């Protein structure tokens, strides 16, 4: 195989509750992950000398610290292969926006090189490796909408509705440590069952919420303003720790109408929700997971 070009899709946190804090400082979460049909694109070309090269350079990110390079080297080490790769990144997803771009790029790298280098490690092992790179990487490896607990690594596949979304990036990054380290962050939301979470989004509208929103509003008046503006069209929310915001909509036409009204000072796009990752679709992967229905069991 000479070359692979694959998507690294965005994700949304359709809801995000912080239910505790561990002794090691990590936060215990409950969240619903869903993919979007908007992606970065990575191009992989094998090399025989074992070198890992990534281009173009990303401002303020050291080459060797980039999650893409780290994922490639992790896979080399775990498999014992001496193969290398040239990687070209076409970046479309904003950095620091809560869309999971870096984690998704890392997951795409793991799956691409598993295929390109003929390693056949399997999704469970690749997800295990991905977790050492970041808590969001496993859901991108497994490739299905999921209910997540723990620090985000305990995953149960689910089937969600797949509306159109308008996503707004107000133009700034929100540092995750600034949010999770904020003294006013809610850290004691009572845990709920997965089935209740799934029913809540369908039956109660605004029942899906993001516990990070209040802190992000304090940290960024621009995000607060954009969120208030988008909320006029539906149940707008923050994804992850921000700064991207999203609003589920009933039709692409409605999304187009909203996009025409977005000010030029905000970057915005429309995307469709997906239950199966565009990466898995591109690779023809059919995971062994058996998702629950949209509303779950009682």
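A Cβ is built for glycine as well, from the same backbone N, Cα and C atoms used for every other residue.
A simple way to gauge crowding: the CB of residue 11 (active site) has 26 other CB atoms within 10 angstroms, across all the protein chains here. Sequence annotations record features per position, and here Swiss-Prot assigns active site to 11 (among others).
Long-range neighbours of residue 136 (active site) (same chain, six or more residues apart, CB within less than 8 Å of its CB): 11, 100, 103, 104, 152. Annotation source Swiss-Prot lists active site at 136 (among others), citing sequence analysis.
Its Cβ taken as reference, residue 102 (ATP binding site) is surrounded by 22 other Cβ atoms within 10 Å in the chains shown. DSSP assigns residue 102 (ATP binding site) to a helical segment in the three-state reduction. Among the features that Swiss-Prot reports, ATP binding site is placed at 94, 95, 96, 97, 98, 99, 100, 101, 102, 103, 104.
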Pick from 94, 96, 100: which of these binding-site residues has the biggest number of other Cβ atoms within 10 Å of its Cβ? 100
Can you list, in sequence order, the residues of the same chain other than 94, 95, 96, 97, 98, 99, 100, 101, 102, 103, 104 whose CB lies within 8 Å of the CB centroid of the ATP site? 10, 93, 240, 244
Long-range same-chain neighbours of residue 98 (ATP binding site), Cβ under 8 Å, sequence gap at least 6? 13, 174, 238, 239, 240, 241, 242, 243, 244
Measure the Cβ-based neighbour count of residue 104 (ATP binding site), defined as the other Cβ atoms within 10 Å of its Cβ. 28
